[in-house]
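The region 'Disordered' annotation in TrEMBL covers 243-264. The annotation transmembrane segment is assigned in TrEMBL to 60-81, 93-112, 124-144, 305-331, 337-360, 372-391, 445-463, 513-533.
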Amino acid sequence: MATAAPKKKRCCESIRDFFTSAKFLIYMGHALSTWGDRMWNFAVAVFLVELYGNSLLLTAVYGLVVAGSVLLLGANIGNWVDRNPRLKVAQTSLLVQNSCVILCGVLLMLVFHFKGQLVELYNGWILTTCYVLVITIANIANLASTATSITIQRDWVVVVAGQDSSRLADMNATVRIIDQLTNILAPMLVGQIMAFGSHFIGCGFISGWNLCSMCVEYALLWKVYQKTPALAVKAGQKEQELKQLSPQRDCENNQTPEDSSQPLMNEVSVTNASDSPKPPSCCDQVSKPLHTFKAGWVAYYNQNIFFAGMSLAFLYMTVLGFDCITTGYAYTQGLNGSILSLLMGASAVSGICGTVAFTWVRKKCGLIRTGFISGTAQLCCLMLCVVSVFAPGSPFDLGVSPFQDLYTHLMGEQTLPVAEHSLTDPLSRNATTAPPAQELPPLQSYMSVSLLFAGVIAARLGLWSFDLTVTQLIQENVMESERGVINGVQNSMNYLLDLLHFIMVILAPNPEAFGLLVIISVSFVAMGHIMYFRFAFKSLGSRLFLCCSAEQKVEMDDSPSLPTTV
């Protein structure tokens, strides 16, 4: 009986230590931040559609502005993260992001409430100004969210994990599981609020949530900073922090040592400081972002993980995801919202399984081999999507020009909105009246779309495991002084390929051309994994050569020395 109390006490202490640890506090802060982001990203698209009379114009403009801003400013955001203290960066980006969302929510509430009066003022110019302000403020919030993501997920997590690669992998996997869960639950919550309440109430709820969440996240960041003294040490004092990972672990996992990263951004700043001791002129201040942009991309290109980062960016050039494009195509094939919600749930479960599988495979096979296995699995699953293009029930038709809808729109010919078309007969898209009895048999109607979504859902397992692999490779192989700018450029590359895939859909929007988009998407995914395979083979070969050379050196040192005459 005397030993039971200490054991119980130790158990309670371990539970308390876990819930007060820096790792758990980061999880809590990330969950709150991600929940607010997912609610806002879902709601802002709905708000813009509702404000502009059920048109996608404002939503498209907003998406273009957001993607273009990150593409142009990603390197500068990352450079700002690198050049300032960690706590200042995290707190500033948190305050700016949440303040912009709150301000945008309040502005939308006013627009929804006084829209009738605003339309009549100055021929609607006041309302147009409100639209511009909403998109501008929302874009600033997204840029601040990008800085927060780079700071917490790409820097703080690495420091909290210390020099333990397994702990870093576990933390990355947990963060990704939180992303998956909030991506499903947060839109469901705000969607129900807007459905049973109103858009006005939805704006108020999101603004109130961000106000409360900002205060809690601010306190959590301060606690994590206090519990992790290493966060106070920035690049320049401990520039080779990650290089101290165990060489034995690198040999066992066949991982690439971080010997090829070059502090290009530091060199640029040092050179500029030595060459121009005078205060910078106005032209220098204006051109500084351009120099930072160029230096960031040069630094990214010279990283030893360049092909790994490019491989991840190429995966964004695809229509095979659960976004508005894929769901819109599913509607034209006769799938209703209930079925799509179930498919999205299955996709989330598959993504979580891939996240869990990442930690297990990494321990068994090493980090680089995990990416190789994940990429192969994703490609094999996506072959189902290629088969679906030619399966019964597919609307794929090479005889129909993929640019037909774009040409029709530009020439001013009128067609019915998609919502008025028959959802069970995709061939009636361009007809003014849908024939009532031209449905295909169930097997022929749904075999193609079933194969398509089976491939998309199954591929999520390999996709998320591959994403975590590349994320950790960047974390472990990029020097601390360049983490921000490299991850900023990586985000820019992701947005660039994402923009290209939207442009591809704009050029070929009709369902008959969706099969062509599927083939192009799988081709880009394949090219991305080919880049990673090149990186993996090169890294594994050099790692094996270094390990074998070390073993030979040990054998030579242990053997008796030969006479010099020999």
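Cβ coordinates come from backbone N, Cα and C, glycine included.
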Selected stretch (most C-beta pairs under 8 A with the transmembrane segment (513-533)) from 60-81, 93-112, 305-331, 372-391, 445-463: 305-331
Within-chain partners of the transmembrane segment (305-331) [C-beta distance under 8 Å, separation at least 6 from its ends]: 256, 339-340, 343-344, 347, 371, 375, 382, 385, 418, 423, 449, 452-453, 455-456, 459, 463, 466-467, 470, 473-474, 477-478, 486, 490, 493-498, 500-502, 504-505, 511, 514, 517-518, 521-522, 524-525, 527-532, 534-535
Among 60-81, 93-112, 124-144, 372-391, stretch most in contact with the transmembrane segment (445-463) (C-beta, under 8 angstroms): 372-391
Tertiary contacts of the transmembrane segment (372-391) (same chain, 6+ residues out, Cβ under 8 Å): 311, 320, 354, 358, 361, 365, 447-452, 454-456, 458-459, 461-463, 465-466, 469, 515, 518-519, 521-522, 525-526, 529, 532-533, 536
